[in-house]
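Q: TrEMBL lists these features:
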type	residues	note
SIGNAL	1-19	signal peptide
DOMAIN	94-226	domain 'Nose resistant-to-fluoxetine protein N-terminal'
REPEAT	204-234	repeat 'ARM'
TRANSMEM	244-265	transmembrane segment
TRANSMEM	363-384	transmembrane segment
TRANSMEM	404-424	transmembrane segment
TRANSMEM	461-478	transmembrane segment
TRANSMEM	525-541	transmembrane segment
TRANSMEM	546-566	transmembrane segment
TRANSMEM	586-604	transmembrane segment
TRANSMEM	616-636	transmembrane segment
TRANSMEM	656-675	transmembrane segment
TRANSMEM	687-706	transmembrane segment
TRANSMEM	718-742	transmembrane segment
């Protein structure tokens, strides 16, 4: 029930406008049907006209005729004008394009069906320009159907039907800036315009045709057009010509083969256990199955339930046997077993590498992030921009505009787990006796080992997703009508290595590959800093505490200074202002991570126990909720000065982390009650384990669905809810596939080769 309420609140925040009342009539603007708007005042206004003389009416009409927008001027692709110019001389087009265009013009003059269908498929102004309807894409599918009809006609060599063009056709997408002059003000609209033209007309030809029509505008026209980018959607990128696609294909084939072999090997070993008696002669065969964590029953029998169970997630319980160890090749092959990895992902055990409430916090934060990216992306292709502008004035919209705190929750949880698990590991009796953790050399080896493990734990899946996004975004850019103005199709090819080194946040936005990966870059840097602090803290706790406090205060001070220098003012309408200077920089976001490390150390030190009265716990719960609500919703209706905005920007992230810290500590130490039951519900564990893959792929899935639609969207409350739920399901489905094929095998392989593995005790 809580999850339903939580999701409903988030969804409502995205569409929380008071309701949209838009007129969706279709405006015809053919030839003389649209007259100057000076005649509008004559409709149903007889009484008003009586107040003016005839001369005044004529004078006002002349002024209106010069200054007000004529709807026929929005017809930026005027075939009537083009036809008049066609036979006047050379148009400087390519030979094939000019020949096919001449054929097209002739077909129009003769009223042939295929020519009329091409014209009908070309975009045009319809309605709602002032409301933000800037997608004049036309009938994309209709134009492509004609292209397929031509190809089929060429194959069959049959008689050409009336609706089949005599030449190949293709859709082109033109992004133009339309400057509309209204009295003393100008408005510029960025229009995406679709043209169904002969396929022989390349980008240069289409640009020349558009300029030819634009040059025929009257000098006193209230509309001026400048051409931006033009894309021929029937040409361009091909998967088979991209080496990245070939690499990805080979990787998927190899991994798929390994998964099949690993699964078959796993099944065969399970079958042998069930069929073999428990004798000393059979122990050699079952030794390598220790990785499955099976256990014998009291009577010495191994049940199917035991065989198929996995005690801990991601292989955190290692293989141990004093007599003989599993063969490395067998373990490596079993790492790809689909059955084994499925049982790990869907295990209802908390896992030795986490705390139970973190599963719930991680999943709910991921839902928040998916919702925000859904709203932001879908709004780009919304034909009604007033939906967003009205929603921004609603109180609950701050759930969307202040979604950055969901990432702070991830930073806090990451710092908490690193600290808690580190101190718990090094204080085990077995680890205390190991010489590798002693002395300066041992500490350096610890640092290198921890950083090495994290890098290879995250990077393979990360690079895989970057490759997938590079090839898909390249295809969508060259073959779909809409443009989300994301530069991944070129940046991921050029600058992927910056992501691989986790330094991408230090470069300009227009040079970044998958901009949402800023979280991984920051979290990796924080992990390196945190690892140094933890290693120092293992010997000199006071020194580590001082370093942590200095970093925390330094983060606050730096953020205040940068905010004041930029004169940044917090705004609900523009939550991502100063994105490159304040939003994603590590010195502005390290606070929650450091506070998480403090919380992790506290939980370790107290052995997850805290004795306080119910009254004190209730007061702390109240303070926590009030602080969180104030941070997220406190900006509404207030105008902050630059100084107050600087304080808010610097301290709000840490304030959020403190509130999350109390929730986590209270739940772990037995003061969470209902909240702990919700966050620690075992049903959330599998979804939580997919969070890393979900974070990487969900924006790509949202983009793919939006771009593949090749049309603007009329946003409504119900549609936004369906889109959010659909994107969530699709995200976790894709995440499960990537996790089973790549993430889980990588984790298991790393645990096999980890240098500390042989010192860990079996549980």
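Cβ atoms here come from the backbone N, Cα and C positions, even for glycine.
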Q: If you count Cβ pairs under 8 Å, which stretch among 244-265, 404-424, 461-478, 656-675 touches the transmembrane segment (586-604) the most?
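A: Going through each listed stretch, the top one turns out to be 404-424.
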Q: Contact between the transmembrane segment (404-424) and the transmembrane segment (656-675) is defined here as three or more C-beta pairs under 8 Å separated by at least 6 residues; is that satisfied?
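A: Counting Cβ pairs under 8 Å, at least 3, so yes.
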Q: Please work out the helix, strand and coil residue numbers for the domain 'Nose resistant-to-fluoxetine protein N-terminal' (94-226) from the DSSP assignment.
A: 53 helix, 34 strand, 46 coil
Q: Mind pulling out the one from 363-384, 525-541, 616-636, 687-706, 718-742 with the most Cβ pairs under 8 angstroms to the transmembrane segment (404-424)?
A: 525-541
Q: For the repeat 'ARM' (204-234), would you mind checking the mean pLDDT of the predicted model?
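A: The answer is 87, the mean pLDDT of the model over that range.
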Q: So which of 244-265, 616-636, 718-742 has the most C-beta pairs under 8 Å when paired with the transmembrane segment (461-478)?
A: 244-265
Q: Between the transmembrane segment (718-742) and the stretches 244-265, 546-566, 687-706, work out which stretch tops the count of Cβ pairs under 8 Å.
A: 687-706
